[in-house]
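Participant: What TrEMBL records for 3-191 is domain 'Heparan-alpha-glucosaminide N-acetyltransferase catalytic'. Per TrEMBL, the feature transmembrane segment maps to 51-71, 80-100, 106-124, 131-151, 163-184, 193-210, 230-247, 263-283, 312-330.
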Amino acid sequence: MKRFQSIDSLRGLVMVIMALDHVRDFFHTTALTANPTDLNTTTPALFWTRVITHLCAPTFLFLSGVSVYLNKTENKRQYLLTRGALLILFDFTLIAFGLFWSFQSLLFNVLAAIGTGFILLAFLYRVPKKVLLIIGILLVVGNAFLPIPGLTAPTAFLLSKSILFIVGYPPLPWFGIMLIGYAIAPQFLEKKTWIWGIIGLFLFFLLRFWEIKDFDLLNLFNVNKYPPALSFTLLTLSVMALLFSYFQRRPSHFLNVFGRVPLFYFIVHWYVMHILLFAYLLIEGFTPSQFEFGQNLGRPGSWSGVELPGVYLAWILTVLIMYPLCQLYYKKGRIKYI
């Protein structure tokens with residue numbers, strides 16, 4: 001498949017931003033006890049730290065749809081089925097352990113949403129793109145009117161007495177974003193995506209002025225991600241289009257290093273963050289026997305975490321560690337489907 005440096009740069013940017021949100025989950029004082037977008041308890045700095053990372057998941061799903069369009073594999077259906085199944089498997093194994101350091105919780109996360117989308121698209125990619133675009137839009141808009149736990153709305157339930165299954169990314173609305181990416185890929189790859197971004201932001205502001213009653217800046221951008229609301233999707237995909245237009249003119253070598261090995265980065269960065277967390281806890285005087293895994297992510301119950309500047313420092317360290325690892329993997333160790 002032909003590589004587009006602009007796509008690699010855009011994907012690399014959102015992967016770097018994504019790590020900020022995940023580092024916050026691991027390190028921040030209120031990460032396990034409060035919602036950073038709850039306007040009653042958050043701070044502006046914490047709110048914006050969370051909101052900027054909203055860009056990541058929609059971009060991943062949209063670009064996954066674009067990548068299906070660009071993929072010229074002879075047996076595309078077999079490729080999509082295989083890759084989709086592997087992504088779901090990785091989410092429930094490598095990612096679950098990297099996140100929780102146990103298998104007491106299984107999270108249907110963004111990787112499983114992409115994998116499910118690939119499997120569904122394996123049977124739909126020959127359908128006319130205009131039809132798929134309409135289906136994609138309906139899936140994005142419709143989840144607000146038809147909340148089905150596990151399909152269009154998040155849910156959680158026990159698989160056994162000791163294993164909690166969490167659907168964080170209900171597959172249908174996220175598949176809608178992937179379908180939109182696949183359906184408009186030929187037009188998206190042209191050099192006028194900034195126009196789409198401007199139009200999308202205009203529609204976003206119109207929608208938000210209609211939706212919200214108490215207007216202020218934080219409330220304006222406090223859009224719902226779980227599941228992805230229409231305002232959330234408009235905002236994130238519009239910003240994505242503007243960034244893609246920029247990277248078409250000025251791709252970034254630094255960001256390309258991450259963007260050309262996205263799955264490797266996604267898997268490994270969980271373990272890098274955990275190693276940094278363990279190192280910090282040991283320096284603080286905790287012992288491994290005090291680490292609490294599962295929903296606590298390894299954080300001892302008596303440890304309150306670090307403030308936001310410490311989160312940003314841990315984020316920078318994570319990205320700096322991942323940079324040579326991604327370089328080395330791309331040059332020396334690439335594995336099919338990763």
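Positions of Cβ are set from backbone N, Cα and C atoms, glycine also.
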Participant: In the same chain, which residue numbers or ranges, 6 or more beyond the ends of the transmembrane segment (193-210), come under 8 angstroms Cβ to Cβ?
Facilitator: 220, 223, 230-231, 234-235, 237-242, 244-246, 248
Participant: Are there 3 or more C-beta pairs under 8 Å linking the transmembrane segment (230-247) with the transmembrane segment (263-283), counting only pairs at least 6 apart in sequence?
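Facilitator: Touching, no - the transmembrane segment (263-283) and the transmembrane segment (230-247) miss the threshold of 3 or more Cβ pairs under 8 Å.
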